[in-house]
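Encoded as structure tokens, the structure appears first; notes follow it.
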Ligand SMILES: [Ca+2]
Ligand SMILES: [Ca+2]
Ligand SMILES: [Ca+2]
């Protein structure tokens with residue numbers, strides 16, 4: 001989702017002074033003659049009687065409010081065009097519909113014979129014909145191919161480097177922005193894809209995307225991995241030594257590799273307006289068919305979907321699923337050198353959170369929570385700082401009681417059972433935390449197969465959460 005304001009790139013500034021007859025100054029005939037002189041030979045000369053002349057420009061529609069039979073002259077005092085950008089709020093209406101649509105029902109324009117000839121002359125001047133571009137409220141939209149886009153008229157979309165896909169209910173087309181290696185992001189909600197996407201990329205290289213804040217009020221980027229398929233970590237210590245996805249320029253983010261399709265990541269850019277972030281995909285090592293499509297959304301400061309400080313992942317909603325990167329219960333390997341916090345937004349009237357390990361239909365002994373231990377030697381539940389010094393997950397006061405928040409409460413867990421009761425051969429349990437804000441701090445060291453106690457087959461974790469109503 002790309003919920004934020006958007007940029008309208010074409011701003012037309014026109015000051016039109018309208019005066020009823022009897023005032024001094026150059027009148028419309030003067031400007032019309034000058035236009036015709038200047039453009040003689042380039043385009044059709046305009047005559048007041050031209051039957052093909054268009055209905056007056058929307059911005060001139062105040063004329064339509066003149067009583068039938070009234071006469072007047074238009075006097076242009078200044079006119080200019082500009083490519084300056086401006087911020088338009090989500091719900092902006094650049095022009096109210098009554099001004100955008102031709103005033104067909106207006107008494108002054110019921111039929112062409114009633115039109116004021118001077119208005120007809122002016123309406124086809126090149127400056128004013130710009131107003132015939134139907135203005136589009138730049139609201140978010142869903143393209144026909146399923147991407148998030150922004151409504152623009154087709155010409156503007158193309159000028160901004162987008163591709164239209166489907167139309168918008170409010171007018172215009174759904175404009176989708178997609179860039180690849182070497183690209184620069186200047187639009188909110190831009191997709192970063194590999195070269196020749198959706199074809200895979202199998203080669204060695206470094207593919208970078210530079211992201212500019214599209215507005216000074218942007219504080220964060222949200223990266224949604226619609227697809228992120230890279231080669232996995234090396235298989236001894238699970239380090240990302242070949243392919244890597246990294247982010248620089250913003251808050252510290254872990255280096256990830258392997259497959260993280262469906263996952264996401266927030267990058268804090270701070271409040272400095274000119275901060276740039278660079279997303280990099282490094283591909284090297286053995287042949288592998290990589291592909292990625294990362295949606296880059298720009299998140300303003302202080303909204304209800306702005307992640308709190310220090311949250312690399314931010315889950316919203318009463319229920320959800322939280323996964324470590326490169327999680328796959330059958331083939332994914334827990335990545336080493338991870339150190340980050342995932343946060344769950346406390347929804348209104350919710351006071352606690354329940355966690356359960358995701359279903360594992362692949363392994364006899366579930367591995368959907370497996371931080372330490374090995375596939376050959378299941379260690380079960382391991383808890384506490386002393387017992388979990390290498391790879392661990394901290395959930396404040398995690399308990400297996402939904403009624404007594406402090407029962408068997410521990411903060412740090414590891415092992416290969418999602419459980420707070422160590423020393424018992426137990427499987428995964430339903431666990432609770434009533435400490436707000438809801439956070440999960442995850443850490444892995446840089447060894448796995450070379451650790452003092454060998455670990456193997458660790459998958460990281462996948463947890464389902466359900467927020468618990470206040471009672
Ligand atoms: Ca481990
Ligand atoms: Ca297990
Ligand atoms: Ca480790």
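Here the Cβ of each residue, glycine as well, is placed from N, Cα and C on the backbone.
Whatever TrEMBL says is automated annotation, not expert-curated.
Keep in mind that what you see is a predicted model, and the values were worked out from it rather than measured.
Looking at the stretches 41-62, 63-84, the one that TrEMBL records under the feature region 'Disordered' is 41-62. Sorting the disulfide-bonded residues 240, 257 by the number of other Cβ atoms within 10 Å puts 257 first. Under the three-state DSSP scheme, residue 257 (disulfide bond) falls in the coil class.
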